[in-house]
Structures are given as structure tokens and as C-alpha cells.
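> Can you read through this structure? Questions will come right after.
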Amino acid sequence: MSAILKQRVRYAPYLKKLRTGEQCIDLFKHGQYLGWSGFTGVGAPKVIPTTLVDHVEKNNLQGKLGFHLFVGASAGPEESRWAENNMILTRAPHQVGKPIAAAINDGRTQFFDKHLSMFPQDLTYGFYTKDKPNGSNLDYTIIEATAITEDGSIVPGPAVGASPEMISVSDKIIIEVNTKTPSFEGIHDIDMPVNPPFRQPYPHTSADFKIGKTAIPVDPEKVVAIVESTSGDKVPPNTPSDEQSRGIANHLIEFLEHEVKQGRLPANLHPLQSGIGNIANAVVEGLASSNFKNLTVWTEVLQDSFLDFFESGSLDYATATSIRLTNDGFKKFYDNWDTYSKKLCLRSQVVSNSPEIIRRLGVIAMNTPVEVDIYGHANSTNVMGSRMLNGLGGSADFLRNAKLSIMHTPSARPSKVDPTGLSCIVPMASHVDQTEHDLDVVVTEQGLADLRGLAPKARAKVIIDKCSHPDYKPQLQEYYDRSVFYATKKKTLHEPHILRDVFKMHLNFQENGTMKLDSWDQKF
């Protein structure tokens with residue numbers, strides 16, 4: 001037992017349950033229902049998942065030792081190895097990584113995505129274990145901790161996610177105490193699940209409001225093993241902003257400045273929500289260098305750019321369920337713990353993504369889709385309507401309930417044969433996650449379309465005019481004009497479409513590698 005482990009585990013009875021990963025292998029059987037801590041690749045268990053996949057590889061047990069796996073969102077690289085070894089029978093509600101996506105799209109893993117605010121509560125309702133043959137609880141939850149308090153409660157690390165709910169509905173719990181990661185004690189605010197009809201309103205009225213519980217309570221009798229973990233989180237470098245993403249950010253900031261001038265937003269805006277990726281980075285960079293001050297953030301995930309945002313002096317406070325930093329970012333965070341720990345809070349995902357709180361605070365939500373159609377429907381998950389990327393995540397939690405719901409995307413993306421082979425503005429989205437009723441603004445590097453108060457045909461005109469790529473604008477305009485002509489004859493002018501043509505851009509991409517049509521009369 002290392003000295004630092006003994007220091008971190010302040011509940012002495014747990015030290016009698018100290019095990020190695022190998023000593024835990026026999027606890028696991030094919031078909032069990034497992035919960036993991038973690039969110040967006042940080043705070044997930046490492047020792048037990050790695051030990052189990054090593055065991056499968058060593059003994060050729062691929063397909064013979066598989067599990068129903070639940071994680072708050074995406075886990076770390078350990079999940080990729082599980083997917084490569086056919087160890088994931090079912091998975092929810094969100095994932096990231098080529099191996100797990102391949103397993104889903106090959107049909108080896110059954111995946112269901114769900115709004116991240118709803119997934120943990122639905123787990124406590126028994127929705128995901130209703131067909132489990134031996135009870136409705138998870139068999140095991142494996143949770144990473146950075147400390148354990150005197151009463152046995154768990155202090156998470158850089159992610160809270162769905163851990164409180166998983167622990168509450170788990171038969172047995174394994175705690176991995178990560179002694180590589182500094183203790184995060186004091187930075188969390190934990191709400192434990194209370195199911196209807198006893199659930200009370202959330203009292204949060206500002207981004208910095210706290211309930212005051214800094215650790216996850218647990219029944220010590222359920223804890224069957226304590227395992228020391230000495231591996232840190234492995235987060236790949238962030239995608240840097242580029243000219244295109246900075247163009248999108250500039251349009252957005254100009255729009256927000258206009259909203260302030262018109263009196264629709266206060267000078268320090270409302271709490272901001274932003275995803276991850278180069279567009280989100282560019283937006284954060286743009287806000288940090290703008291004239292906005294005393295800003296707050298209410299979001300799912302904080303990444304490296306938020307540390308610079310704090311340092312700019314523009315950001316007062318940020319709250320999320322995960323702080324997903326690179327190695328350099330974590331070092332900077334730990335080196336300045338006294339500064340950052342006073343300015344941010346990590347909460348469970350049912351709180352960070354709560355529709356009630358998002359609506360009350362008037363959050364400004366900004367997310368990136370796969371595609372947006374001319375009437376304002378957005379696809380966030382399924383490429384060409386069928387191939388799963390990562391899952392819905394929390395985008396709809398925010399976009400359905402925010403004061404301003406913004407989708408930002410490049411106007412076009414490259415394909416293998418055409419540098420603008422994929423238009424992100426299409427006649428009809430091949431899959432719909434956010435409806436026309438949810439979005440207020442669509443923005444690309446070409447421009448910004450303000451959709452508020454517009455009927456469908458007016459939305460189509462402004463989206464085509466402001467957001468589409470020049471390579472596609474005439475083609476999209478022609479589709480719209482033909483649809484209006486057709487719908488006029490049919491007296492179906494509310495939201496004009498020609499169903500025989502509406503997916504021709506997608507079909508042409510599948511056949512020819514580009515969405516550029518020779519003609520709308522082209523046959524497929």
C-alpha cells in the first residue's frame with residue numbers, strides 16, 4: 001500500500017478491501033450490467049477495464065466475456081480496447097472513438113443514445129435494466145476517485161457525469177483511487193437522485209450556486225474492492241482554431257454584440273454553453289478577446305481554452321460536469337489550483353444539463369451538427385441517415401431549452417474527391433435530432449441566419465442566402481424554387497418539398513463522392 005493511497009483513503013475499513021486488478025477478475029461474468037464513471041474521456045476507471053481486456057486477449061475470450069456498459073458519456077482509450085475485443089454487448093448513451101463506432105456500425109454493439117440529462121434518471125427508474133434476468137440494479141459500478149472521506153464518500157476526479165445515479169442503483173461498487181491525479185476535493189457539488197413524486201425544484205439561480213455536498217455518499221457495505229490507480233487521463237491535443245472556425249466565431253460575436261445593443265441580452269450576456277472542437281475553441285478565443293466582461297459559463301465540458309478564457313479576465317465563473325484537459329492543460333490547472341478551484345465547479349450531468357436550470361438561467365447554447373436543412377432541422381448523430389458518429393450527447397438538452405439556441409458548422413466539408421464535397425446545408429436532414437422548433441440561429445463561415453420568428457419559407461431563404469457555401473447556393477436555391485412551384489400547384493406551401501428530389505444530394509455523394517449535382521432531374 002502506497003503512502004499516498006493511505007493518505008487519500010480516510011475511511012480505514014476500505015483499506016481492508018484493497019485488491020489488485022487481477023484479484024478482481026473473478027468478479028466479472030459474461031452478460032453483466034456495468035457502470036463506469038467518467039465523462040468525455042476523463043475520470044473513467046483504468047485499472048479494472050485494462051485488466052479485464054488483458055485477460056480477454058491473453059485467453060482468447062473475445063465474444064465470450066462481454067458486458068452491457070453504461071457511462072455518463074464517453075470513456076477513455078480503455079473502451080476502445082474493449083470494443084476491439086467484442087466486450088461491449090450494449091452501450092449507452094454517448095461514445096467517442098473509432099473502435100466503438102465501428103462496433104456499433106458493424107452491428108456487434110447495440111447502442112442507444114439518449115439526452116444526457118435524462119440518461120442517469122432513466123437508469124434509476126430501471127428503464128435500462130428492465131430485461132435483466134437477476135434484478136434491476138447494475139451488477140457493478142467501477143468508479144474513479146481522487147479521495148475518500150472519513151465516512152466512505154467518494155471524491156471524484158475531473159468528471160462527475162452519472163456516477164451518483166450509478167452508485168445509487170448498483171449492487172456492488174469497486175473504487176479505483178487514482179493517486180497519479182491530485183485530489184479534486186472541494187471542486188464538486190453533488191446532487192443525489194430523488195425520484196418522483198418526491199423530487200424538488202432545483203434551487204440554482206446562478207452559475208456559481210452550490211448545494212454544498214462535495215462528495216458522493218455510498219453504502220460502504222456495497223464496496224467490494226479498493227484498487228489503486230496510477231495512470232492519468234490521456235486526452236489528445238485539442239483541434240486548434242483555423243480561419244474557417246474563426247470566421248464562424250466572428251459572426252457569432254458580432255451577433256451577440258448586436259443583441260446587447262438591442263436590449264435583448266445584458267452586457268455580460270447570459271451563461272454560455274459551448275461544445276468541444278475547433279469551432280468551440282474559436283468561439284471561446286473570440287469571446288476572450290472581445291469587449292464582453294464578467295461572463296459566466298454553464299456547460300457540459302471545459303477544455304484547455306477555458307483556462308485562457310479565465311486568464312483573459314473576461315470569464316468570472318464556469319460550471320460543467322467534466323474538465324477535459326490535455327496533459328499541458330492539467331499541469332497548468334494543478335499549478336494554479338488555488339486560482340481555478342475558486343472559479344469553477346463540477347456537477348453531475350443531470351444538473352449541468354438540466355432543462356429546468358438551462359431555461360431559468362437563459363443559457364446561450366452553441367453546438368455543432370452534422371448537417372442542417374434549409375428549414376432549420378439539424379442532424380447531430382447519423383451521417384447519411386445511418387452511420388452513427390458519437391451520439392446525441394447533451395446538445396438537445398441545451399438547444400431545446402436555451403434562451404438562444406445556436407448551431408454552428410462549416411458550410412461545406414471535404415470528401416475524398418472534392419474539397420467541398422459535403423454541403424452541411426441540405427434540402428432535408430437525413431436524420432433529425434433538433435427540430436425546426438428548437439433552433440434560433442444557424443451560422444457558418446459564410447454568415448449568420450437569424451431564424452427567430454420566421455415561417456419555414458422565410459427560414460429557407462435566409463439559411464440559403466447567409467449560410468450555404470457558394471458552390472452549393474445556386475443548387476439549393478434551385479431546389480427551393482422548384483419546391484415552391486410544385487407546392488403551389490398542390491397547395492402545400494407551408495414547408496415546400498419535392499420528396500423524389502429531397503435526398504438527391506445525399507445519393508449523389510454516396511455514388512460519386514460529392515453532393516454537387518449535374519441537375520435536379522438526375523436519376524438514381
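Using N, Cα and C of the backbone, Cβ positions are placed for all residues, glycine too.
Sharing the features that Swiss-Prot gives for it:
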type: ACT_SITE; residues: E300; note: active site, 5-glutamyl coenzyme A thioester intermediate
type: BINDING; residues: G275, I276, G277, N278, I279, N390, G394; note: CoA binding site
> Report, in whole Å, the straight Cα-to-Cα distance of E300 (active site, 5-glutamyl coenzyme A thioester intermediate) from I279 (CoA binding site).
16
> Measuring Cα to Cα, how many angstrom lie between E300 (active site, 5-glutamyl coenzyme A thioester intermediate) and G394 (CoA binding site)?
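If we compare the Cα positions of E300 (active site, 5-glutamyl coenzyme A thioester intermediate) and G394 (CoA binding site), the gap is 8 Å.
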> Please determine which of the binding-site residues listed here (G275, G277, G394) has the lowest count of neighbouring CB atoms within 10 Å.
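Among the binding-site residues G275, G277, G394, the sparsest Cβ neighbourhood within 10 Å belongs to G277.
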> When a 10 Å sphere is centred on the Cβ of I276 (CoA binding site), how many other Cβ atoms does it contain?
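The Cβ of I276 (CoA binding site) has 22 Cβ neighbours within 10 Å.
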> Max Cα-Cα distance in Å among G275, I276, G277, N278, I279, N390, G394, the residues listed as binding CoA?
18
> Run through the Cβ atoms and count how many others sit within 10 Å of the one on E300 (active site, 5-glutamyl coenzyme A thioester intermediate).
29
> According to DSSP, collapsed to three classes, what secondary structure does G394 (CoA binding site) have?
coil
> List, in sequence order, the same-chain residues at least six positions removed whose CB sits under 8 Å from that of N278 (CoA binding site)?
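Spatial neighbours, sequence-distant, of N278 (CoA binding site): N238, T239, P240, S241, D242, S245.
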